[in-house]
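For reference, the structure discussed in these notes is given below.
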Amino acid sequence: MNQVEIYTDGACKGNPGPGGWGVLLRSGPTEKALFGGALGTTNNRMELMAVIEALSALQRPCAVTLYLDSEYVRKGITEWIHGWKAKGWRTAARQPVKNVDLWQRLDALVSTGGHRIEWRWVKGHSGDPGNERADALANRGVDQALGRGALASAE
């Protein structure tokens, strides 16, 4: 099983506002950077999109170490999602889960992708090189959403 390190980040200028997501994938000496953006979005939606786009980019089952600075996404996918699904995508307070469309996409990728994923939280803006790269890519996604380029790119 291929080993892959993934760093993801989301950014939003205003919340809601124009936002972007960034992904850095590493497998051995190979790196791939992805980014994209949207208007009228939130930071949490962009954090989720980064992880969705990262896992969607994997072409075969992998052993993934996924680094993210969003406790919302990490706890959501490792802890909260089980209760949400059992309650028909409602929270413990019986409210509809926010961003349910993205949570369902992420759940499908995690459940059916065949990946072994280790979710690792890193403190944002703390100097972690992979997280800093993902942050810079997310900000490029914001720029694209604001009309300074295409809406999704890979390099």
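If you go along the chain as it appears here, the first residue is 1 and each next one adds 1.
Positions of Cβ are set from backbone N, Cα and C atoms, glycine also.
Residue density at D135 (Mg(2+) 2 binding site): 22 other Cβ atoms are found within 10 A of its Cβ, drawing on all protein chains shown. The annotation Mg(2+) 2 binding site is assigned in Swiss-Prot to D9, D135 on the grounds of sequence analysis.
DSSP gives E47 (Mg(2+) 1 binding site) a helix state. Around E47 (Mg(2+) 1 binding site), the C-beta neighbours below 8 angstroms that are at least 6 residues distant in the chain are T8, D9, G10, W21, L68, S70, Y72, V73. Among the features that Swiss-Prot reports, Mg(2+) 1 binding site is placed at D9, E47, D69, with the record citing sequence analysis.
Residues annotated as domain 'RNase H type-1' in Swiss-Prot, with sequence analysis given as evidence: 1-143.
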Pairwise Cα distance for D69 (Mg(2+) 1 binding site)/D135 (Mg(2+) 2 binding site) [Å, integer]: 10
Mapped DSSP class for D9 (Mg(2+) 2 binding site), helix or strand or coil: strand
Among D9, D69, which are binding-site residues, the residue with the most C-beta atoms within 10 angstroms of its C-beta: D9
